[in-house]
There are 4 protein chains.
Amino acid sequence: MPRFLLSNDDGYLAPGLAVLAEAMAPLGEVVVVAPEQDRSGASNSLTLDRPLRLRRGFNGFHYLVGGTPTDCVHLAVTGLFAEAPDMVISGVNRGANMGDDVLYSGTVAAAMEGRFLGLPALAVSLAGKDCTHYATAAQVLVGLVERLLHSPLPADTILNVNVPDLPFARLQGTEVTRLGRRHKSEAVIPAQDPRGERVYWIGPSGREADAGPGTDFDAVRRSCVSITPLDLDMTRYAFLEDLSQWLTRPRS
Amino acid sequence: MPRFLLSNDDGYLAPGLAVLAEAMAPLGEVVVVAPEQDRSGASNSLTLDRPLRLRRGFNGFHYLVGGTPTDCVHLAVTGLFAEAPDMVISGVNRGANMGDDVLYSGTVAAAMEGRFLGLPALAVSLAGKDCTHYATAAQVLVGLVERLLHSPLPADTILNVNVPDLPFARLQGTEVTRLGRRHKSEAVIPAQDPRGERVYWIGPSGREADAGPGTDFDAVRRSCVSITPLDLDMTRYAFLEDLSQWLTRPRS
Amino acid sequence: MPRFLLSNDDGYLAPGLAVLAEAMAPLGEVVVVAPEQDRSGASNSLTLDRPLRLRRGFNGFHYLVGGTPTDCVHLAVTGLFAEAPDMVISGVNRGANMGDDVLYSGTVAAAMEGRFLGLPALAVSLAGKDCTHYATAAQVLVGLVERLLHSPLPADTILNVNVPDLPFARLQGTEVTRLGRRHKSEAVIPAQDPRGERVYWIGPSGREADAGPGTDFDAVRRSCVSITPLDLDMTRYAFLEDLSQWLTRPRS
Amino acid sequence: MPRFLLSNDDGYLAPGLAVLAEAMAPLGEVVVVAPEQDRSGASNSLTLDRPLRLRRGFNGFHYLVGGTPTDCVHLAVTGLFAEAPDMVISGVNRGANMGDDVLYSGTVAAAMEGRFLGLPALAVSLAGKDCTHYATAAQVLVGLVERLLHSPLPADTILNVNVPDLPFARLQGTEVTRLGRRHKSEAVIPAQDPRGERVYWIGPSGREADAGPGTDFDAVRRSCVSITPLDLDMTRYAFLEDLSQWLTRPRS
C-alpha cells in the first residue's frame, strides 16, 4: 500500500488539507506534515539556522513549529519517520497558483522538494476567491494520483494543478497548459505607522498579461482543470549556445 | 548614466556587497537595498503580511528591517525611489550557488525578481570555503555588466555566475554551463534541547551527483568562472505533448 | 452580566484555555483573544513594529497571528471589540509560574497588561509536569472571580495563582504567598549545528533556592493553592531614602 | 580590573552603545554582547525554543543573531566567556524608559537579568526625541559606576537612570525618583492591508498621568537626571495580610 505525504503552505489547520487527506485515505496510507502557521509566499525557503519541533495536532496531523512547506517535506522524506513516503502531494491550496505566482508559492515549493528528493510530486490549488469547493479539487487529484501510481512521470518534473472553484459536475474538462504571465506588480504602497515612521507594503500582483490560449489562466477561466508540468532544472538549455557567442563576441 | 540596483542575501553588512558596490561605481549610479540580516536560504520568499521599514546604514547602504532579498528588489524596482534602476545585480555571495542550491538561494532569487520586473539581472557568488577573493568576483562581474549594457539578453533569462575564490590572474577561463545535481540530502539530524524535547535539524546538502563536463560544479573545480543561464519560466515545454497523452491514456 | 477577557501564552488551542473558558461561561460573557502559537517566555513584549491580524479559530476563540500575550490583551481592551471587558484572566497555563519565572512569563504578562489598562486581572497556572487536572485550576479560579466581582483588589495589584495538578478534592487549602527564588540558572549549553558552526542554548532554570515557608514553591509542594499578590509598580520604595544618601556620600 | 558587560535593546550598531563602551573603557575591561537588531519592546523575553549564534561585528562588539536583550545578558553571564563579568550595564537607550514604559523595555530587562544572575546592574536611557547627547548619559553613568564599585547596592535592586538629552553642563542635578504613570494607551488603530484585509496597530502610549513631584517624568522635565531604584521581587508585600482577609471574608 503506497504511503502519501501531504503538506501545504496554509498550515495544518487549513480546510483544503483536511479534505484532501480524507479523499486520499482509500488509496493508501496518508501522513501529513504541514507548517504550524500560514506560510503562503514562503517559496522554497529552508530553515537551516535552527532545529525544528514536530508536534501533532488534535486532528492527527503533524506540524512543524515555525517550519516552512519545504522544511516539512524535507524532514518527512529524509528520516522523520521509520518509513519514507512514496509520493508527495501539496494542497489543496486556498487560491490559485498560476503564472508568475508559482515562483513564490509555498504550495508548489513543497511539491518541488518532494520531486527533488526523488519522489513523484503534485501541487494542487483551488482557483477562486471564496474557496468553497475543496472537494472538487480533491476528487481531481485522486484521479491524477491513481494514474501516477501506474504511469510515472519523468524525473525533474512535477505537476501543478489548478482546479476551478466549482462543483465537480460543472468542470468543463482538463487542459495541459503552460504558465501564463502577469503584468508587473503594482507600485509599492507607502504608509505611516502610528508613531509616524514611514513603512512600505508590497503592492498587489499585476493583472494577467499573457493569459491567452494554452495558459493556465485561460484554462481556469473556461472552467477547466489546468495541469502544468514544471521543470525543476532551471537551466535555460536553449540559450546555452547563444550565450557562448554572446560572451566571445567582441564588444563594440 | 545607468542606475544599478545591488542586493544580496547575506545582509547589507556583508563584505561581498561592499566590494561589489565599489567595483561598480565607475560604471554608473549604484543604489544598494539589502536585507538587514543574513537571509541565506530565503529563496523567493516575499513578505506580504506586514509592511517593511527602510533604513540607511552607516555605510550608506539601504536595508530593509526583516526583509528578504526578494522584498528588497521588489520594493526598489516598484517605487521606493524616484527613479527606477536599469539593472539588478545580486551578490557577491559568500559561497557558491550551484546545482540544486539555486532553488533555495536568496542571491539568485534577488536577480530573478529583478528580471521578473523587467530588468536585466545577474547573480554572482564566490565559490570557496573561506571566501577571500571577493575582488575577483567583482572584476568578473564588471566585465559582464559592460557587455550586458550593450548586448541585452532575452527576457526570462538571468545569468547565474559562480567565480572561484582565487586571485583574478589565476582564473582559467569562463565557461557556459548547465546546473549540476547533488545527491539527495543527508538524513535529518535529531537532537535534544536542554529541556529534553526532541528537535530536528535539516541535514547537510548531499555531495555532487551530476558534476561532469558541462556543469557549473565542473567549471569551478577547474578554476573557471561558471556562467549558467537560468530560465524564469518553469514550464517544462518539452513535456507538454507527452503529458496530454499521459492524461488520455486508458488506465490499465 | 460581566464580560471576561481570557488569554494565555500557550496559544489559542491550548487545553487549559478551553477548560477555563467553559468553566467561566456561567459567570458572564467570555471572550477569548490568545496568541496563535505558543509564546511561553514572551514576558511583556509588545509588537510595535507591525500591525497584527485577528482571526477566529474553529473553536470560536479569537487569535492574533504572530501576537504576544500582551498584544492580545492590549488590543482587546483598547478597542478591538465594541464593548470592553470587565476583567482579564490569563491561563490556565501549562506548568507553574512561580518565583523568578514570573519575570519571563507570558501568562503573568497578559494579566499585568489587563491591570495596567485599568481592569482587575488574574493569572492562573497548573503546577505540575504532566498537566492533567486543568479542571481543578479552573474551579479554583471561578471561586476567586466570584469573590473579585464583589470585592475589588487595589489598583496596581494582580493575583498570580498556582494550582497543584491534582483532583480538586485532594487540594490541601489555599495560601497567600510571596514569590520564592531559584538558584542561578545552569550554565549556557554549547552545541554544534550540522554545518559545524557553534550555537548556544540557554541552560535550564536553577533549582529552588528560597522555597521555605511563605513562598509559592512551598505552598504548592504541600498541595495547596498558592496566591501571590504582584505589584505592577516596580519602584523599590523602601530604598528611596538610602539611595539619596548613597548618591551624596563622599566617595572614599 | 573589573569586567563590565554592556548590552542594550537597540542592537549592537546603536550609537548609544558605542559611546558608552568608549566612556567605560578607562574603568575596566569592557565586553559587549547585544542583539543583532533593534529589539525595543522585547521586555524580559527569553529565547528557549532554539539555540543562538554569537557573531562579532566589524566594531568589535559581539552580537546574538535573533537574540533578545535578556538572551544576551543571560548567555554572557552564564558561561559564554571564560571569565564572567562583574557588572552589567544596559544602554544608552535611544529614548527615555520612564513610568510604565519600564515594563516593556528591553533596556531595563537586560539590567534586570544581570541583577537576577547575581551582578550589580544599571540601565541608562537618553530622554529626548532626537537623541543627540549620548555623551552626557555616558558621563553620568561613569560617575555612578565608580560609586557602585565601592558601595554596592542591595540585592534585588537595579538602578534605572534617565538622562535629559542636553550637554552635560546644562544638567540641573540628580534626583532619586519613583516611576510615574501614564494614562491608558490610546485606542487600537485599525488599518487595511493592500489585499483588503483588516489589520490592527497598537496605539501610541498614553500621555503622562502621574508625573508630579517625585516621579521620573518630573525630574527629567526639569532637566535633572532621574535615578529610580527598581525592585526585582514583584511580590506586593504590603498587601499579603489584606489578601488573607480578602480570601477568608464570607462572600456577601
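All positions are counted from 1 along the displayed chain.
Glycine is treated like the rest: Cβ placed from N, Cα and C.
Within the model, the domain 'Survival protein SurE-like phosphatase/nucleotidase' (C:5-185) carries an average pLDDT of 96. The domain 'Survival protein SurE-like phosphatase/nucleotidase' annotation in TrEMBL covers C:5-185.
The divalent metal cation binding site annotation in TrEMBL covers C:Asp9, C:Asp10, C:Ser40, C:Asn93. A C-beta separation below 8 Å, combined with a sequence spacing of at least six in one chain, links C:Asp10 (divalent metal cation binding site) to C:Gly16, C:Leu17, C:Asp38, C:Arg39, C:Ser40, C:Asn93, C:Arg94, C:Thr107. When secondary structure is read from DSSP and collapsed to three states, C:Asp10 (divalent metal cation binding site) falls in the coil class.
Excluding the listed site residues C:Asp9, C:Asp10, C:Ser40, C:Asn93, the same chain places C:Asn8, C:Gly11, C:Ala14, C:Asp38, C:Arg39, C:Pro69, C:Arg94, C:Gly95, C:Ser105, C:Gly106, C:Thr107 with Cβ atoms within 8 Å of the centre of the divalent metal cation site Cβ atoms.
Taking Cβ-Cβ distances under 8 Å and a sequence separation of 6 or more, the neighbours of C:Asp9 (divalent metal cation binding site) in its chain are C:Pro35, C:Asp38, C:Arg39, C:Ser40, C:Gly41, C:Ala42, C:Thr68, C:Pro69, C:Ser90, C:Asn93, C:Ser105, C:Gly106, C:Thr107, C:Ala109, C:Ala110. Fewest other C-beta atoms within 10 Å: among the binding-site residues C:Ser40, C:Asn93, that description fits C:Ser40.
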